[in-house]
Amino acid sequence: MLDLKQIRENPTAIQNRLNQRGGGASYDLEPILAIAAEQKAKESERTVLQSRSNEIGKLIGQKIGQGADPKGEEIQTLREEGNSLKIQLADLEPQEKDLKEQLQKLLLELPNLPCETTPIGASEADNIEVKRWGDQYLKAETVGILPHWEIGEKLGIIDSERGVKVAQSRFISLMKAGAALERALINFMLERHIGVGYQEIMPPILVNSDSLLGTGQLPKFAEESFQCRGDDLWLIPTAEVPVTNLYRDEVLDLEQLPIKHCAYTPCFRREAGSYGRDTKGLIRLHQFNKVELVKLVKPEESAAEHQALVADAEAILQALELPYRVVELCTGDLGFGAAKCYDLEVWLPSANTYREISSCSNFHDFQARRANIRYKEKGKKGTQFVHTLNGSGLAIGRTMAAILENYYEPSSGQVKVPVVLQDFLKRDYL
């Protein structure tokens with residue numbers, strides 16, 4: 001959520017930065033400014049009325065103490081004025097509440113401001129490739145490389161038909177070595193991240209609306225999430241939601257920062273806007289597994305922590321010897337809550353292209369304002385909002401897809417197991 005004070009003081013600058021997001025969306029600050037002005041006027045009116053009401057109460061007590069007749073005309077006149085003020089104050093209360101709710105609704109619908117260092121652009125075509133790694137692992141010959149779902153079906157480790165039978169489209173069942181590979185990837189990733197200082201969390205995978213509001217999925221993306229009928233509970237789209245919201249409405253000590261968590265969870269998404277895209281395989285499912293990295297940090301350290309987050313996600317791909325590239329997103333391709341974002345894209349030889357496998361975002365204080373996560377420094381007055389960051393470390397299904405394609409040996413029809421996973425799987429080939 002954006003800072004209302006900033007919007008009031010610098011509306012033109014805020015408007016210009018919002019307009020950088022492009023994508024055909026428009027963000028009108030005028031309704032916010034108008035309601036904020038009306039709310040402020042009501043607050044001022046209430047302050048004046050409350051002050052006069054308090055003054056009358058004291059005045060009545062003083063006059064009676066000085067001998068005035070409690071039933072006399074002077075006291076009765078003051079009491080009538082006091083009663084009138086109470087009625088006016090009571091009338092103001094719902095008006096202020098309504099204005100506050102209107103203002104909150106409009107503020108929650110505004111996306112985050114792009115970071116000043118985020119490249120300006122209109123769409124993903126304007127994103128900037130900042131790094132490419134692993135060219136030595138690219139296959140010299142891609143003839144005979146099958147898409148990962150065909151490899152999985154041939155090996156009997158991906159069963160799409162039964163996944164659809166049990167649920168519906170965009171569900172799969174992992175069988176035998178496929179299930180073992182998924183589990184091995186989860187354990188490998190968690191151990192690597194714990195080894196560099198992340199604390200593991202196993203959070204709820206059902207969360208309430210306040211949690212989704214805090215991290216920015218609600219109200220804008222309600223249709224992309226699965227809600228439990230009859231309960232204020234939603235299946236999580238990412239572990240970012242429960243892990244970040246562990247600290248909702250809390251004031252942390254400065255000494256606790258930075259907080260670094262990793263978490264494995266199943267994730268659930270409707271993929272409402274992807275009809276007809278990636279209908280086969282592991283790339284775009286309604287249910288998938290992911291290891292997530294989440295950080296809560298001091299504002300002045302968030303840029304450096306962001307770079308470290310990207311490096312931690314990269315380390316997994318490097319250990320697996322999977323070719324990838326790092327892309328910096330432009331303003332027109334930023335996610336709703338992100339101020340700055342890097343995507344890691346892994347090489348899929350069957351498609352002869354790179355596909356996103358991790359999105360590492362710095363939200364600045366956008367989520368912290370929504371979730372009310374602050375920190376306090378000893379000896380100093382007041383509190384500050386933390387900066388939040390998160391990224392996949394990594395998406396398990398997409399990692400498996402990349403392994404199946406990059407390690408597939410057409411001559412034997414087998415898939416070599418990456419060296420770092422062989423101890424987990426107790427085998428060299430699938």
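In case you wondered, yes, glycine gets a Cβ from its N, Cα and C as well.
Here is what Swiss-Prot records for this protein:
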- Thr238, Ala239, Glu240, Glu292, Ser392: L-serine binding site (BINDING)
- Arg269, Arg270, Glu271, Glu356, Ile357, Ser358, Ser359: ATP binding site (BINDING)
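Everything Swiss-Prot records as a feature, shown here on the structure.
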residue : record                : DSSP class
Thr238  : L-serine binding site : coil
Arg269  : ATP binding site      : coil
Glu356  : ATP binding site      : strand
Ser392  : L-serine binding site : strand
Residues satisfying Cβ distance under 8 Å from Glu356 (ATP binding site), sequence separation of at least 6: Asp343, Leu344, Glu345, Arg398
Other CB atoms, at most 10 A from the CB of Ala239 (L-serine binding site): 26
Winner by Cβ contact number (other Cβ atoms within 10 Å) across the binding-site residues Thr238, Ser359, Ser392: Ser392
Residue among binding-site residues Arg269, Arg270 with least C-beta crowding, 10 angstrom cut-off: Arg270
Nearest of the binding-site residues (Thr238, Ala239, Glu292, Ser392) to Ser358 (ATP binding site), judged by Cα-Cα distance: Ser392
Pairwise Cα distance maximum in Å, ATP-binding residues per record: Arg269, Arg270, Glu271, Glu356, Ile357, Ser358, Ser359: 19
The one of Glu240, Glu271 whose CB sees the fewest other CB atoms within 10 Å, among these binding-site residues: Glu271
Largest separation between Cα atoms (Å) of residues that the record links to L-serine, namely Thr238, Ala239, Glu240, Glu292, Ser392: 9
Between Arg269 (ATP binding site) and Glu240 (L-serine binding site): CA-CA distance (Å): 14
